[in-house]
Amino acid sequence: MASEEKTEELHPFTDIFNEDETDRNCLLSKPTCFIIFGKPGAGKTTLARNIAQAWKCIRVEALSVLEEHIAAEKETGAMLQSLLVSGHSIPDELVTKLILEKIKSPEVAHFGYILTEMPSLAQDNMTSLKQIELVKNLELQPDIIINIKCSDYDLCQRTCGQRQHSTTGYVYTREQWDPEIIESRRRKKRDFPKEGKSEEEEEEEEQEEEEAFIAEMQMVAEILQHLVQRPEDYLENVEITVKLYKELLLSALEEVMAEHNPQYLIELDGNKSPEELFMTVIERLKYLNVRRAAVITKLQGTEEEMTDIIDTEELFRTVSSYKLIAPRYRWYRSKWARSCPVSLKDGNIYSGAADYTVSFLGKMYCLSSEETLKLFSLNPRPFLLPPMPLPPCKVFIFGPEHIGKTTLANLIAEHFKAKVIDYAKLVQPRFDSAREKLIKDTITEATNTAIKVVQQRLLNEKQAKQQEERTLKELQVQYSKREYNDFLSKSSEELPSLENTGSKLSSLEIGQEDKSKSETTITGDQVKDVSTEESIEEVTENHPEVFAILEDTLRHAKELNFEQPHDKQAEILEEVIKETEDNKNRFPGAPKHGGWIVENFPLVRELWLSLIEKALLPDLVVYLSDAESNGKHVLNRLYLKNKAEIDGKILERLQEEAQAKKREEEEIRKVKEEELRLEEEKQRLMELATKKSKGRHRLTTLVAHHLALPYPDYPDNEAEEEVEDSEIHEESEAQEIPEYTRGSSLPEASETSETPEGDHEPEAEFKPPGDTAVEAETEKDPKEGLGSEDLLKVMLPEFPEDGYPNVPEMEPLKEVLNNHILSWKQLEQTIMDNVVSTLTVDVSNKTPQELLQRVVETMERPFKYSAWELNAEDYEEEAEDYQAETEIDEEQEEEEEEEEEGEEKIKEKRRHMGDTKHFCPVVLKENFVLQPGNPDEAVKYREKIYYFSSTEAKEKFLEHPEDYVSQNEPLKAPPLRICLLGPHGSGKTVCARKLAENFGIFHIQFDEFLQEKMLLKAERKFGPEFEDDSEEEQLVKQELEELAAQANVKIEEDTTKKQLPDVQLTEEEEAIKLSLTDNEPLPSEILDSILSEWWLKEPIRSTGFILDGFPRHPEEAQFLGERGFFPDAAVIIQVDDQDIFDRLLPAQVQKWKTKQHKKLERKKLIKDLKTKIKEDMVAKRRAELILEREKKRREDGTFRDEDEFSDEDADYEDDIENILEEEFPKDEEEMSEEDEEQEADATERLRNELGEKFETETNNIQSIQDEFDKVLIPIIMVNGARKMHIVQYVMNMKLKPLVENRESIFEKCYPVSSHLAHKMLSYTYKHMSSFGYWDPVKLSEGETIKPVENAENPLNPVIHRHYIYFLSNKQTKEKFMMNPIKYIRQPKPKATMPVRIMIVGPPKSGKTTVAKKLASDYGLRCLSVGDALRGMLNNHPDSELSLMLNWHLHKGKTVPDELAIQALDISLMESVCNTIGVVIDGYPVTPHQMDLLEARSIIPMVIFELHVPSKEIFKRLLLEKKTEQSMSYPLHNSSQIIAYKNAKYHKNINEIRQFYQKQHQNWHVIDGFHSKWWVWNEVLKDIQQMNKYIQTYMKKIKEGKAACIDKLCITPEELIARLGEFKQFCPVSLAESNELIDCSVTSSLEFAAEFRGHYYKMSSQEKLNKFLKDPELYVPPLAPHPLPPDDLLPKRLTLSELKSRFPKCAELQGYCPVTYQDGKQRYEALVPGNIRYALEYRNCIYICESEEKLQKFMRSPMQYWNQKLPRKLPPLKESIHLTSLPLPGYLEQGTATSLIKAMNAAGNLKPKLPFLSVRRSVLLYIAFHLKAFNPKGSEYSRKKYKKKLEQFVERCELITYLSSKMTRKYKEPQFRAIDFDHKLQTFLSLKNIDPVTG
């Protein structure tokens, strides 16, 4: 449809629609960088300081960089400090290095820089050219170049007047310290006239000035004695520095500025004050729409400091009002919420502190520490750019075995590009290895210790043994000696006592000796350790004693563990995580830490505490549970995992039970068999007893013997029966079991495969074990006598497919599951105590993707914008904002208007609504219906308010708000849906049909829709207006049919109607019928089925409709609100009852008349039928009576004469008549007429009916309106009493905004003051739109001049979403606010240059009027040379130029043009001239002035010459003198002066005009004789056209495309200098057809274009369009044909050049080479050339036949140059006079062509003039034709004979016309053709007239 086609053609948004994308674009944008050029002392540093302070960029200067490094007290700073302290200067190389490092710093990467000292005059380390190349190659290249211009004289005077304070180091200018200058400034200010002030105000102002002057003089007196002049400020030093600058840097800097984009080159007048320079730069930056660096603002309140324990909600609510931008514009919450963005970038989720909260891009960010705050403040971009905020992905997954942990972990890892750490596979093996290593080391250490102990013991034993042997030997020797001596000296009696005493002494001595010897031995042993050790045997780990020592150690080695095993496990886990985090290939921008998921982590509390100590806690703990199904799914998976083992145990148990049962059954069987045997034996015995009576005693004895045997304890009979019954029952059940059960038999042990270990998920498709029947063969117990071949059939118990068998074998698994749950509950409390987020997910009936979605949502929820219900605090904030706004807005007119609306409406109007405005977003998304939300059900999301239709809708939005808001484009609005209401007869159907046609939507008439539904079945319409007629017609039809049948008459078909079918209506149809007939409301069920098709089903759903006549009742309106079928608006047509009477009553009366007429006709027809029937019946009865009489006579048998019974017959006739009258009496209708309703009564009755219906409908409409007001449906009232086309127009105008502004139906704009708008931009609270200060509305209307903001034309800022738009006036503001989407869907504004216009013309031509009009409407500077001179003298009186001007003026001389142009050039550097533009009035007027302007490169975009005749000039002068007031001095407006000026102007203007037309093609002549409005429109049209050319050129060049250079003031010299490889030949023609088309024949640039810095000229518009579309195809390297060298290019020769080539002869002996080649080199194609068409190619001369042939050769010389003549040439042609030819030849050479044309025309026309022969007629026609088309005849002659020829043809056509119109019979004049008489008279008048002269 049309709407869809329109959507496809929509232009993309100028500004990014998505707010997050806008912030991302801002973060990715390059910061604005400045560089300032200028002479030393021009003020670069001061200007840089001011710009850096205002623009928030970093000032990169040597001094500031050095001070920063020294203050940092780092290594570089210490080195710099030492150099300075030692008195050395810092090397230039080091300074340059530090500056470059500063430029590459993160701070500069965000804020940008402003550079002033590169390039520098220092050439030792690096030349100026190298410095410039260094600046050009910077990563952040300068965007804005500022050039401060100042003359050498002015700069030297200013610099040498500077003084420095000896203590503070502050530099003062002469204006600040010189008392004389201060005094002169005071005098000038005092002499300045003060207007509009009272005497008291003047006195107060003078007193204040006097006090300020005294204070300033005191300050000067204090500092004057401390001021010194620096050596560099001496005049001679300044002059040397300036000279050095001009020699070394100026030329190179000029080249840099010439290469730079002129739009971003700002030139300043250095004579202005620093404040003026700064304001000029700021205005220029504002005009250029340069992005300002986004500032970071620390949010800290003046109240008590907040603690970190404060709630997050309270924190944000409190901090958002710190440093408030304005009421209602608080700081927003970011995606990071309270998380620290710097820590999050590192992979740690730390909560930010309240004291470290900052604002950036309008949002709040909480930093966690002073260090993170510092990093964020330097450059927040790396921490905020996508993919941030992103959860670091530190996850622990817990859960029972086989619940799906591995699957979920892998899915999470895949989603977050992370790695899974399986604790059992990666950590536990390492821990086991470490433990084994510990055991091994312990055993090794114990072994070494044991070996040393054994070695030491063996050594000690050996030493002791040796010592003992030595001691024993010594004792033996001593003892033998002493014994021998004692034996000799003493007697035998004293021997025992001596022995005892000697033994004691000897033992004492021996002890002392042993002690001394042992000491000696030890000392000796220490000296001889090596020899001793070598002497003992070698001890190894296999030594028995060593093994005995290690036996206990080896016994406890397996139980050996670390002292803190959990710490060791945590340490290993830390190592694994670190290895995982070292993975650099995760994804770009990934956090430093994180990216891991741990599974199978032990549920050990001590291990978790170790993780806390190691700071290894995860961000999220996921626990997978199966609580919902009570572990059913987990047990199912565990069973499947261990199916073979469990099934085996189940089968084993079942087989044992079956065997036990079998054994029991066998025992019972044996007992029964024994009983049967005994019974049989007893029976046999009894039989024997009866047979043998002799042996009774013996039998009794035998029986008694048998009965006395010890029998087993048999069961009683009942028990036996039960056993037998149970056996039979079991056998029957066994027989009922089919042979093939649900499952398959259990495979044999050899075929069973073991299930691999590990936590792997079972496959989704598997056969439940309950469906499996297992048959097992078991051998019967031989003890029980069972055969080995008997088979026992055992089946596994059945269970659900997703369940498990409830058997005792599952109890261990259940126990394991219960133990896991208990362990988790114990660990869960520990986890929660450490504030780690825990997510418990039930896996029941959930897919892995659903589990992943749940986990991802939980992980990402902290980093998404959250929505919350509007609470009391929000309403309090809104009330505070409203109160603050009321206090601020005092004088606003809008405020006065709003006060009339009421406070609630004002609050609603100012409330910042969400992406669906006041409509419910949930209903919009789900039902595509615009349902107004309930303000009580409000939610705040991203600082915007959303209304909802119900609590359920609000809950949906709170759960997933991002699903219901716009993302990259506005939400699509449903089509227009309108309910049109009005009383019957108000014209709503006509209006609805017209509106539907205009808007392209459906028109639905509700009553007609119901009638159509009924017509399908009942084939008739229902309603009061249809019921009466139909019933009456049926009755009449029935009566007519009966009468016709009686009368035997056939009634015409058109008098009757088709018999309606008798149908059975459904309940729905009965309800519709009742609604139509009795005007009852329809039931809700029927309304729902009908309306849902229009609101919810295609094609009406997406097209829209106008619902005519619905709702009809309040109940139906209430149903619309309850069901959610909301129209956009309800249009109610208001009319009075009289209007209804005037419209409907005439038709009703006419209908009544028609009805009455038909009724009378029916009555007449019925009457006639009844009369005919009566007559037939009377005639029949009469015949019967006569027959009776005749019969009676015959019965009497008497015959009488006629005379006899005439009287009797007469009486009998009377009797018959009487009888007929009695039987057929006359109808009462015939006797008396029925009383019929008269017209007046009918009219009154109809009027009353209409009035009652109107009143009823009006009341219903009022009730409906009340219902619509309740559900907030807009009501549009339209006065329907006016003419219908006016009502339609009014209705169309009221509904048109709903259609035209449909795409902006959800958009809301908020106007703000200009001050607030700029404040928001400075804080980067809102973004400047791509339109900058362009008016989007005017831009869409074709405006090319940017509006300017001043006191007279203030801009109107408007906030739309996250951008600020500046509108030029209130009208455009209203347009934009009504449909902002329309105006932001347009191309971005093209780059503009300041408009520079000159207007020249004679005096009184209107130059100044046009110039002032341009200045007032567009803000241009209106400048004349006099204004420039006066501005120079007033603003810079001490400058060199002002001194020179005063020198000339004081001598009474005129200012020389050179000085005037210099003053004009300085004036053109003003801010307005460089931003908006300038219009120069009345300049230049002499060629010299023109040359000076050209030398200064002052080239206007366009020059307007107002051409006014001299007579008009003096006429305007006289009118001006009549109206002007008399002045005290004479004016230069006398007629003589004006005449002199006019003459002087006309004398010089031609030369000036020719110069600009030739050089710049920018001269436009305007006819000034017209009105000033006509002149203004013409000037404006030309300016707009020129602006479009320039803007298009700049846009295409910036995009790297080809652009047309027409009307760009390019001089021929510049064109030649920048021509491309093809010079002035068309590259398109050369590429496509290999033709050389020289475009230098014309100087026009209409078909010229620029591409890659070169100019190319094309031959036509078509070629230009091709080149502009694909320029790469026509220039190298893709160009197919290069341009030949100059010596191979053809050159056209003039006659003089041709003569100069003599005696060189022409090629081909002068024959035309083109004609010869095109003629296929035939003999007839040898045509001599004409010397006027000569050319030179390849140093050869060729002569062509004509200009056309010459151009052919010039285009394709290769085709024609190399030809050879044939041997036979045609003879030379001699000239013959035409008159010497014979007549046929003469005619052939002279008039053949014209004569042939005339004869062909005569042959086609076949003329025949009336009353002339054919021959004479043809001759006359040929003669007239020759005269009319004679090329040598005069224009007058040709026109004359053309008229005669046309008259001749018309007269010839008279014969054809009259022959076709005339008839043989006479026709009266009124029956003839209109022109017949005139043409006939003309025909007859030609009889005697000369056809040539007549």
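Every residue gets a Cβ built from N, Cα and C, even glycine.
What Swiss-Prot records for Gly41, Ala42, Gly43, Lys44, Thr45, Thr46 is ATP 1 binding site. In sequence order, Glu61, Thr116 constitute the residues six or more apart from Thr45 (ATP 1 binding site) in its chain with CB-CB distances below 8 Å.
Ser120 (AMP 1 binding site): 19 other CB atoms within 10 A of its CB, across all protein chains. Summarising the annotation, Swiss-Prot assigns AMP 1 binding site to Glu117, Met118, Pro119, Ser120, Arg230 and lists similarity to another entry as the type of evidence.
Over the region 'LID 1' (161-206) the predicted model carries a mean pLDDT of 73. The feature region 'LID 1' is assigned by Swiss-Prot to 161-206.
Taken from Swiss-Prot, the feature compositional bias 'Acidic residues' covers 198-211 (among others).
The coiled coil annotation in Swiss-Prot covers 451-478 (among others).
According to Swiss-Prot, the feature coiled coil maps to 651-691 (among others).
Residues annotated as compositional bias 'Acidic residues' in Swiss-Prot: 715-736 (among others).
The annotation compositional bias 'Basic and acidic residues' is assigned in Swiss-Prot to 757-768 (among others).
Annotated compositional bias 'Basic and acidic residues' per Swiss-Prot: 777-789 (among others), in sequence order.
Annotated compositional bias 'Acidic residues' per Swiss-Prot: 876-903 (among others), in sequence order.
The region 'Adenylate kinase 2' feature in Swiss-Prot is assigned to 976-1187; the stated evidence is similarity to another entry.
Under 8 Å, Cβ to Cβ, and six or more positions away along its own chain, Thr989 (ATP 2 binding site) finds Gln1005, Asp1108, Gly1109. Among the features that Swiss-Prot reports, ATP 2 binding site is placed at Gly985, Ser986, Gly987, Lys988, Thr989, Val990.
Sequence annotations record features per position, and here Swiss-Prot assigns region 'NMP 2' to 1005-1036 based on similarity to another entry.
Long-range neighbours of Val1063 (AMP 2 binding site) (same chain, six or more residues apart, CB within less than 8 Å of its CB): Lys1017, Ala1018. Feature annotation from Swiss-Prot assigns AMP 2 binding site to Gln1034, Leu1035, Val1036, Val1063, Gln1064, Leu1065, Thr1066; the stated evidence is similarity to another entry.
Remote same-chain partners of the region 'LID 2' (1108-1128), defined as residues 6 or more beyond its termini with a Cβ less than 8 Å from a stretch Cβ, comprise 923, 927, 929-932, 949, 976-981, 988-989, 992, 1003-1007, 1079, 1081-1082, 1084, 1087-1088, 1091-1092, 1094-1095, 1260, 1263-1264, 1266-1268, 1270-1271, 1273-1274, 1298. Per Swiss-Prot, region 'LID 2' is recorded for 1108-1128, and the stated evidence type is similarity to another entry.
Per Swiss-Prot, the feature compositional bias 'Acidic residues' maps to 1223-1241 (among others).
When secondary structure is read from DSSP and collapsed to three states, Met118 (AMP 1 binding site) falls in the coil class. According to DSSP, Leu1065 (AMP 2 binding site) is assigned to coil rather than to any helix or strand. When the region 'NMP 3' (1424-1455) is classified with DSSP, helix, strand and coil residues number 22 helix, 0 strand, 10 coil.
The shortest Cα-Cα distance between Pro119 (AMP 1 binding site) and any of the binding-site residues Val990, Thr1066, Val1485 is the one to Val1485. DSSP states for the region 'LID 2' (1108-1128), grouped as helix (H, G, I), strand (E, B) and coil, give 10 helix, 1 strand, 10 coil.
Taking the Cα atom of each, Glu117 (AMP 1 binding site) and Thr1066 (AMP 2 binding site) are about 95 angstrom apart. Annotated ATP 1 site Gly41, Ala42, Gly43, Lys44, Thr45, Thr46; additional same-chain residues within 8 Å of its Cβ mean position, judged by their own Cβ, are Ile36, Gly38, Leu47, Thr116, Ile148. For Gly1406 (ATP 3 binding site) paired with Gly1482 (AMP 3 binding site), the C-alpha to C-alpha distance reads 10 Å.
Reported as a whole number, the C-alpha separation between Gly41 (ATP 1 binding site) and Arg1430 (AMP 3 binding site) equals 27 Å. Taking the Cα atom of each, Gln1489 (AMP 3 binding site) and Met118 (AMP 1 binding site) are about 38 angstrom apart. Among the binding-site residues Lys988, Lys1404, the residue whose Cβ has the fewest other Cβ atoms within 10 Å is Lys1404. Listed in sequence order, the residues of the same chain lying 6 or more apart from Ser1405 (ATP 3 binding site) and placing their CB within less than 8 Å of its CB are Leu1506, His1507, Val1508, Ile1513, Gly1568. For Ala42 (ATP 1 binding site), the nearest of the binding-site residues Leu1065, Thr1066, Tyr1483 in terms of C-alpha separation is Tyr1483.
Around the Cβ of Gly985 (ATP 2 binding site), the number of neighbouring Cβ atoms within 10 Å comes to 24.
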